[in-house]
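Student: I'd like to ask some things about the structure below.
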């Protein structure tokens, strides 16, 4: 959520910046009208309350003098009715204004490239050499089928499309990867490990920006107003909702492993095979609460920490700076880390690292004090995938595949795989 005072003072400038996102700003245009009306109603209500207090004092004075005050009592009742009507009108206006504020996306940071689609994203850097094969590289689902480590067909029978069973060394590989990721982030970078709830309430989904705009993309529990989490970002960010932290506590860094649940409502026909786009998948999420002046330095740190996973696994990747049209609703700046997928001859997203500035903190009411009696300020929140585990499995199977159908296990992962160095058919 944006700062109302900032929006009021810089309406046209902010509107121009948001226009670069390419989103519908029809609701945004109503802000000025409703905000003006709200302030006018508040003035009227306060004036009438002042008048009512004045008349009340006059009534009391007349009664002390044992004089007739019926005409003033009648006037006071009429003023009370007027206040009641204006209060109802004010509540309606404020409700409409709140809906608009929740629908306005974040302002892109000045360093974000202006563009409309993913084609306008800017490559920041690349790492690693692309593998060379003496044979036609297979897609990871064919490799996994030959190794008997993933079962999409039976998952389709048990649940439906975009689900998978991990089996045998496939399950061991998945577990090895998220344990390896957690150990790196906790032991090397000092994150606090958290296991979050996999269901959250409406306030939590609103706090991080999934609601109300993207409710149709979420899995909702029918009997309760709960949602399956699309990412651990939601419960971990809301861990400090409605709290005032002290400056001494910042930065706060959490690393969380969780299952994630996504409807993929807008992805019909895309990535229908394999692990790239599943309704349920595992992810290690990194979440930061920082002072505003530190947030962009922390974004670089966060991105580098996510990159380190791929470097240790020796998987080639590139880092992309997302343009304004591909930034997402909540981020002020976002980097995507894309890993090389040989069978597709392209890079695919495996992590997004974002700085939300105060956007989520304002929605979730997360603040801090620089001094014990200082005025509370909103923290800046950041998060990034460290990494999406299923996509890492896909990248590993494809980049380390051998002509005989086996897959070499990266050296960094072998201690987590019982010191195996290869998965054989």
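Numbers run from 1 along the shown chain.
Glycine residues also receive a Cβ, built from the backbone N, Cα and C atoms like all the rest.
According to Swiss-Prot, the L-serine binding site annotation covers 231, 232, 233, 285, 385, on the basis of sequence analysis. Summarising the annotation, Swiss-Prot assigns ATP binding site to 262, 263, 264, 349, 350, 351, 352.
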Student: For residue 233 (L-serine binding site), what is the secondary structure state per DSSP, taken as helix, strand or coil?
Tutor: helix
Student: Measure from the CA atom of residue 232 (L-serine binding site) to the CA atom of residue 350 (ATP binding site) and give the result in Å, rounded to a whole number.
Tutor: 15
Student: In terms of Cα spacing, which of the binding-site residues 231, 232, 233, 385 are within 10 angstroms of residue 351 (ATP binding site)?
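Tutor: 385, listed in sequence order.
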Student: From the Cα of residue 352 (ATP binding site) across to the Cα of residue 233 (L-serine binding site), what is the distance in angstrom?
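Tutor: One finds 12 Å between the Cα atoms of these residues.
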Student: Quick one: what's DSSP say for residue 349 (ATP binding site), helix, strand or coil?
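Tutor: Assignment for residue 349 (ATP binding site) reads strand.
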Student: Spatially, and counting Cα to Cα, which of the binding-site residues is closest to residue 264 (ATP binding site)? Options: 231, 232, 285, 385.
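Tutor: Sorting the binding-site residues by distance from residue 264 (ATP binding site), the top entry is 231.
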Student: Given the binding-site residues 263, 351, 385, which one's Cβ is surrounded by the fewest other Cβ atoms within 10 Å?
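Tutor: Counting other Cβ atoms within 10 Å of each of the binding-site residues 263, 351, 385, the minimum falls on 263.
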Student: With H, G and I counted as helix, E and B as strand and the rest as coil, say where DSSP puts residue 285 (L-serine binding site).
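Tutor: Where residue 285 (L-serine binding site) sits, the three-state DSSP reduction gives strand.
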Student: For residue 352 (ATP binding site), which of the binding-site residues 232, 285, 385 has the nearest Cα in space?
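Tutor: Sorting the binding-site residues by distance from residue 352 (ATP binding site), the top entry is 385.
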Student: I want to verify one value. Collapsing DSSP to three states, which class is residue 385 (L-serine binding site)?
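Tutor: Residue 385 (L-serine binding site) sits in a strand per DSSP.
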Student: Given the recorded L-serine site (231, 232, 233, 285, 385), which additional residues of the same chain have their Cβ within 8 Å of the Cβ centre, ordered by sequence?
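Tutor: Result: 234, 236, 256, 258, 260, 283, 284, 286, 287, 383, 384.
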Student: Including all protein chains shown, what's the count of other C-beta atoms within 10 A of the C-beta of residue 232 (L-serine binding site)?
Tutor: 27
Student: For residue 231 (L-serine binding site), which residues in the same chain are close in space, meaning a Cβ under 8 Å from its Cβ, but six or more apart along the sequence?
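Tutor: Those within reach of residue 231 (L-serine binding site), by Cβ under 8 Å and sequence separation of 6 or more, are 258, 260, 283, 285, 383, 385.
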Student: How many whole Å apart are the CA atoms of residue 263 (ATP binding site) and residue 232 (L-serine binding site)?
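Tutor: Rounded to the nearest whole number, the Cα-Cα distance is 16 Å.
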Student: Indicate whether residue 262 (ATP binding site) is helix, strand or coil by DSSP.
Tutor: coil
